[in-house]
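Trainee: In case it helps, Swiss-Prot gives these features for our protein:
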- 10-17, 57-61, 119-122: GTP 1 binding site (BINDING)
- 181-188, 228-232, 293-296: GTP 2 binding site (BINDING)
- 4-167: domain 'EngA-type G 1' (DOMAIN)
- 175-350: domain 'EngA-type G 2' (DOMAIN)
- 351-435: domain 'KH-like' (DOMAIN)
Amino acid sequence: MAYPVVAIVGRPNVGKSTLFNRIAGERISIVEDTPGVTRDRIYSRAEWLGTEFRMIDTGGIDMGDEPFLTQITQQAEIAIDEADVIVFIVSAPEGITDADEKVAKILYRADKPVILAVNKADNPEVRESIYDFYSLGFGDPYPVSGVHGLGLGDLLDAVVKEFPEKDGAPKDDSIRFSLIGRPNVGKSSLVNAMLGEERVIVSNIAGTTRDAIDTKFVADDTKFTMVDTAGIRKRGKVYENTERYSVMRAMRAIDDSDVVLVVLNAEEGIREQDKRVAGYAHEAGRGIIILVNKWDTLKKDNHTLTDFQNLIRIEFQYLSYAPIIFVSAKTGQRLEQLPEMIKRVADNHNKRVQSATLNDVVMDAIALNPTPSDNGKRLRVYYATQVAIAPPTFVVFVNDPKMMHFSYERFLENQIREHFDFEGTPIHLIERARK
């Protein structure tokens, strides 16, 4: 589903990142501490009183050597492009500066709600001065302290009130998928090729932001929704070529997808940014397919495909479950396989298994490889049950969860995978003590 997006905007040194981290707090969802997964703090999940949303720290998007005013202008434009609600941060001790007024003028043009937060309002004397900020023209200023957490409740109440109302439309029964990857891996060409291959385009549906377009189509009698095709296709703004902006855009697409297609460039191999966006898809628990694009451009021998597969398995060890497809947007090579594979991964992502069969598999696994012991005490597994889908999540009841070593948990996971076919989806095992 698409979550409301809140962008934090303001000139340098007003405390944007401090406020961002304070609101995110421990609500950032990290499924597991996976080696090789890099987290990017410019985009985060957050929640207030049961309402979940996403936050962007525009100050975290580095514009390189651009002049100061150009940087804050671009950051404000990102907020206007990407957000449903904008939080404009100023500094109480410093008062209104020329840079604040520059940002304000840009935000006036936004057809988006703007909430004014006066940061560093740490004491009553400073808070009394916030009324000067009415002159910026954004209504009531909210005094806050990112460092001490003061005033955040009132600020977040105001933010949540501005979220778009849910329209009550019928639940989307299509499979939602996105193509993610760094610039120049060929996402735009893949989008055009996939939508041009005898597909029935149903409609372009505007998302929660001005330029996020989802494209619906039908293939093999299955309904699909390609998420954020506009975000992949659009070009022209300076910041759209920055790595951190493209990572942020990928994170948003992942959040709104059932299945994620991680696109690699066969000519360039695997880069750190490839790992970053793939790692976020894994942590978000989405179904994943790895696409190696521009496969037609490589000179090949009998070992080329196998060598590239092995490289992917080494560099993306945490994605051992993800199928790999070598494709070419230019020639159409293997693109006809994608709808069927996306559907298969989506089905696996939502698969439920019977408890009786699950426990037979677990007990057979234990007979094959007995549970570990420590100081004469052996781990005892009593039973397992599935508690969630998307991704499939299982609770294993044991005598002592601390005795479940990572390697044995991985063994049980592999046995469950092998029996039930969970290709393309992560699965989670949670150990609990039986009371």
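These residue numbers are counts, starting from 1, taken along the chain as shown.
The backbone N, Cα and C atoms fix where each Cβ goes, and this holds for glycine too.
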Trainee: Out of the binding-site residues listed (Gly181, Asn184, Lys187, Trp295), which are within 10 Å of Lys16 (GTP 1 binding site), Cα to Cα?
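Mentor: Of Gly181, Asn184, Lys187, Trp295, within range: none.
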Trainee: Could you list the residues of the same chain, at least six apart in sequence, whose Cβ is under 8 A from the Cβ of Asn184 (GTP 2 binding site)?
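Mentor: Result: Asn265, Glu268.
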Trainee: Considering every residue in the domain 'KH-like' (351-435), what is the mean pLDDT value?
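Mentor: Across the domain 'KH-like' (351-435), the average pLDDT comes out at 95.
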Trainee: What's the CA to CA span in angstrom from Gly181 (GTP 2 binding site) over to Thr58 (GTP 1 binding site)?
Mentor: 20
Trainee: Nearest to Lys187 (GTP 2 binding site) by Cα distance: which of the binding-site residues Gly10, Thr58, Ala121 is it?
Mentor: Thr58
Trainee: Would you mind splitting the domain 'KH-like' (351-435) into helix, strand and coil residue counts from DSSP?
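Mentor: Per-class counts: 32 helix, 24 strand, 29 coil.
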Trainee: Could you state the whole-number distance in Å separating the C-alpha atoms of Asn13 (GTP 1 binding site) and Trp295 (GTP 2 binding site)?
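Mentor: Here the two Cα atoms are 46 Å apart.
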Trainee: Tell me the Cα distance separating Trp295 (GTP 2 binding site) from Thr58 (GTP 1 binding site), rounded to the nearest angstrom.
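Mentor: That separation, Cα to Cα, works out to 36 Å.
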Trainee: With H, G and I counted as helix, E and B as strand and the rest as coil, say where DSSP puts Gly10 (GTP 1 binding site).
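Mentor: In three-state terms, Gly10 (GTP 1 binding site) counts as coil.
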Trainee: If one measures from the C-alpha of Ala121 (GTP 1 binding site) to the C-alpha of Trp295 (GTP 2 binding site), what distance in angstrom results, rounded to a whole number?
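Mentor: Rounded to a whole number, the Cα-Cα distance is 56 Å.
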Trainee: Drop a 10 Å sphere on every Cβ of the binding-site residues Asn13, Thr58, Ala121, Lys187, Trp295 and tell me which sphere holds the fewest other Cβ atoms.
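Mentor: Checked Asn13, Thr58, Ala121, Lys187, Trp295; of these binding-site residues, fewest Cβ neighbours within 10 Å: Asn13.
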Trainee: Could you tally the C-beta atoms, other than its own, that fall within 10 angstroms of the C-beta of Gly10 (GTP 1 binding site)?
Mentor: 26
